[in-house]
Amino acid sequence: MTHWIAGEWVQGQGEAFTSLSPYNQEVIWQGNGATAEQVNQAVSAAREAFVDWKKRPFAEREAIVLAFAEKVKENSEKIAEVIAKETGKPIWETRTEAAAMAGKIAISIRAYHDRTGEATREAAGNQIVLRHRPLGVMAVFGPYNFPGHLPNGHIVPALLAGNTVVFKPSEQTPWTGELAMKLWEEVGLPKGVINLVQGAKETGIALADAKGIDGVLFTGSANTGHVLHRQFAGQPGKMLALEMGGNNPMVISDNYGDLDATVYTIIQSAFISAGQRCTCARRLYIPFGDKGDAVITKLVEATRNIRVDRPFAEPAPFMGPQISVAAAKFILDAQANLQSLGGESLIEAKAGEAAFVSPGIIDVTNIAELPDEEYFGPLLQVVRYEGLEKAVELANDTRFGLSAGLVSTDDQEWEYFVDHIRAGIVNRNRQLTGASGDAPFGGPGASGNLRPSAYYAADYCAYPMASMEGQETVLPATLSPGVSL
């Protein structure tokens with residue numbers, strides 16, 4: 001059974017689809033997608049469940065969420081293995097994701113109290129009380145690169161605030177979504193509070209269009225997110241939270257300090273998860289001159305030595321494959337396009353078996369107008385520059401604004417960088433791909449419109465209600481003109 005609707009597992013009635021393991025192309029999951037009618041059934045179930053769920057004391061909702069966290073901990077190795085099989089990421093990496101699924105729940109609970117509690121103050125003779133109320137039914141769209149903890153980062157805050165959920169995982173990772181839903185089932189979640197619908201584009205469109213949806217929480221590609229944004233132009237009654245990708249710049253100063261540490265930071269920023277993190281460095285700005293040359297020489301050498309292999313291989317690999325053969329082809333096509341524009345490959349990304357692509361580095365300094373696209377994979381573009389001001393100017397030449405970084409030991413350079421860079425997440429001497437659940441996650445421009453994270457997700461899962469309250473009725477000393485009593 002593929003879908004969880006109104007507390008029951010049901011078979012999909014739409015088109016058949018499969019999940020292929022990206023490292024060997026074996027079928028590891030198969031089912032039928034949800035039809036528009038089944039999506040509407042899921043939304044109706046969530047709508048009905050919302051009436052009771054929002055009335056429950058917070059302590060009851062919290063208890064169910066905490067029970068789910070314990071289930072995740074008990075099944076963490078199984079979760080890690082399923083994610084590794086579906087995404088191809090090394091098992092050491094998917095274990096960290098399984099841990100994050102449970103670990104960030106504590107942050108979400110704290111955020112509920114900090115950001116959606118009640119507050120009272122006096123103003124102009126009125127007692128002003130600020131309360132927060134749930135939006136209603138939330139549609140959660142999960143990404144394939146972190147199919148466990150990223151959807152969880154939307155679902156948990158939504159439930160804590162009193163919302164109900166219809167969850168659509170990525171069509172690339174249906175198994176992970178199904179496993180998570182079974183854990184919610186085991187902790188006794190009331191029927192209809194979460195509903196799972198699987199499928200591809202048609203299922204997603206039906207969910208976003210459903211009349212009973214009050215808000216959409218989306219994590220995924222900019223292209224899909226922008227389609228949703230246009231789709232919502234005629235639906236002003238729905239809240240839309242988008243967290244999309246980035247064309248993220250990483251600037252290396254002449255004052256970078258330790259060479260090995262600098263190169264390691266670059267590799268972690270560009271190639272972890274096979275480049276399939278939205279915060280990965282896409283463009284690397286390196287100064288002209290001997291110090292910059294040293295970085296490139298060391299980086300090329302270290303990149304050639306990156307171990308790329310299947311997720312359970314020994315010794316452990318640093319990188320696995322792309323999520324699909326199509327995704328691998330996209331990276332190779334992007335490389336070919338940059339080469340045709342005048343880019344010079346320092347290391348050429350090459351296709352391997354199934355969806356494997358080796359990491360590539362290409363010098364694009366001589367390309368007058370770089371394509372402003374997110375190449376979601378292990379393809380790093382190098383741009384040489386003179387002067388930090390020029391580097392920041394080049395780094396800001398993008399429609400995205402998710403993450404950016406500077407490697408520099410000079411405090412004044414850092415102050416200039418943070419004052420002038422356009423990005424929502426900025427790092428100094430740290431990898432771009434690190435993120436804290438306590439910090440806002442997102443950026444301006446084409447990278448999204450809100451800042452989802454374990455902590456800040458509370459902001460868009462409940463709306464503020466302001467009430468001006470008096471203990472008794474009071475007749476003012478002066479009545480408004482034209483009124484007599």
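Cβ coordinates are placed from backbone N, Cα and C, and glycine is handled just like the others.
Listed in Swiss-Prot:
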- Glu243: active site (ACT_SITE)
- Cys278: active site (ACT_SITE)
- Gly220, Ser221, Ala222, Asn223, Thr224, Gly225: NAD(+) binding site (BINDING)
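Sequence features annotated in Swiss-Prot and their locations in the structure.
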residue	record	DSSP (3 states)
Gly220	NAD(+) binding site	coil
Gly225	NAD(+) binding site	helix
Glu243	active site	strand
Cys278	active site	coil
**Message:** Taking 8 Å from the centroid of the Cβ atoms of Gly220, Ser221, Ala222, Asn223, Thr224, Gly225 as the cut-off, which other residues in that chain fall inside it around the NAD(+) site?
**Reply:** His226, Val227, Met244, Gly245
**Prompt:** How many Å separate the Cα atoms of Asn223 (NAD(+) binding site) and Glu243 (active site)?
**Reply:** 12
**Message:** Under 8 Å between C-beta atoms and at least six apart in sequence, can you list the same-chain neighbours of Gly225 (NAD(+) binding site), or say none if there are none?
**Reply:** Phe218, Leu242, Met244, Gly448
**Prompt:** Which number gives the other C-beta atoms within 10 angstroms of the C-beta of Ala222 (NAD(+) binding site), all protein chains shown included?
**Reply:** 24
**Rounded distance in angstrom between the Cα atoms of Gly220 (NAD(+) binding site) and Glu243 (active site)** = 7
**Fill in**
Taking only the CA atoms, the spacing between Ala222 (NAD(+) binding site) and Glu243 (active site), expressed in whole angstrom, is 8
**Fill in**
Neighbouring CB atoms within 10 angstroms of the CB of Thr224 (NAD(+) binding site), all protein chains considered, total 16
